[in-house]
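Have a look at this one before I ask anything.
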Ligand code: PAF
């Protein structure tokens, strides 16, 4: 731990609420950045953006078991709390909320949020219970921290749309803000799971961004959406990936689209290389 670290981690909802209450009494606005830790520059961008929205920034660090399927990487998900707290401190975060599983899911916990709309398809085809777990924990965090604004990375684009719709549908008084994806110089989107990539897989990984960039340029230049998507799928498969999906969707509803006339388009991809599953997305420019 850095000797100069001033951030104070709290572990209970009661402590979080007490701190938030005193900030509210001082008429300070509060921004929440929910994370599962293993913080990288993408998270730093979220924390820095949060400071522009509010006087006080709360970071939550909680590896949420309910969004992992039994076959997924919950037990080996990277946990780097001390380094995370140093990064949060350096980014100007005021409070880190670090609950344990019992605090978030007490004995007898029996409630889950059920979703449709932007949660249908894409990730849900491959991770059927994922967004119910995300929505449940995010709803809890939003109720616990009662922030004015909450920030999420566009890297998890479907998650961002699901949470935006969730907040609207159940009248949570919070503004959901998406923050652009931070990328490595070769285009690979930053992700806590990139640490799983071996050397060869890491070398192949930027193809996702290259394929999406080529397809968005093709569509923006008047090319046919399905042709552009087919080319991108072929490029990803040729680089050694097993493709889960590569789709063109309406940027807000995530409904399938066949032409630019149907609204703003977002291209989304999920693909596996070795034992690692990567996701990425890109907007088709207007
Ligand atoms: O994006 C993430 O890190 C997680 O899905 C989130 C939003 C913190 C919920 O656990």
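Positions of Cβ are set from backbone N, Cα and C atoms, glycine also.
I grabbed these lines from TrEMBL:
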type	residues	note
BINDING	36-43, 153-156, 182, 190-193	ATP binding site
ACT_SITE	43	active site, proton donor
BINDING	67, 159	(R)-pantoate binding site
BINDING	67	beta-alanine binding site
Determine, from DSSP, whether residue 159 ((R)-pantoate binding site) sits in helix, strand or coil.
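For residue 159 ((R)-pantoate binding site) - judged by DSSP and reduced to three states - the answer is helix.
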Would you count the other C-beta atoms found within 10 angstroms of the C-beta of residue 192 (ATP binding site) for me?
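For residue 192 (ATP binding site), the count of other Cβ atoms within 10 Å is 19.
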Count the other Cβ atoms sitting within 10 Å of the Cβ of residue 42 (ATP binding site), across every protein chain shown.
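I count 20 other Cβ atoms within 10 Å of it.
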Which recorded positions of 36, 39, 43, 182 contact ligand 1 in the sense of C-beta under 6 Å?
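Checking each Cβ against ligand 1, the ones under 6 Å are 36.
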Across all protein chains in the structure, which of the binding-site residues 36, 39 has the highest Cβ count within 10 Å?
39
Among all protein chains shown, how many Cβ atoms are found within 10 Å of the Cβ of residue 159 ((R)-pantoate binding site), not counting that one?
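Neighbour count, Cβ to Cβ under the 10 Å cut-off: 23.
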Which secondary structure state does DSSP assign to residue 36 (ATP binding site), in the simple three-class scheme?
coil
In sequence order, which same-chain residues at least six apart have a C-beta under 8 angstroms from residue 154 (ATP binding site)?
160, 178, 179, 180, 181, 281
Fill in the CA-CA distance, residue 67 ((R)-pantoate binding site) to residue 192 (ATP binding site), as an integer in Å.
15
Please determine which of the recorded positions listed here (43, 67, 182) has the lowest count of neighbouring CB atoms within 10 Å.
182
Between the Cα atoms of residue 39 (ATP binding site) and residue 159 ((R)-pantoate binding site), find the distance and write it as a whole number of Å.
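Cα-Cα, rounded: 18 Å.
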If you run the three-state DSSP split on residue 154 (ATP binding site), which class comes out?
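The three-state answer is coil.
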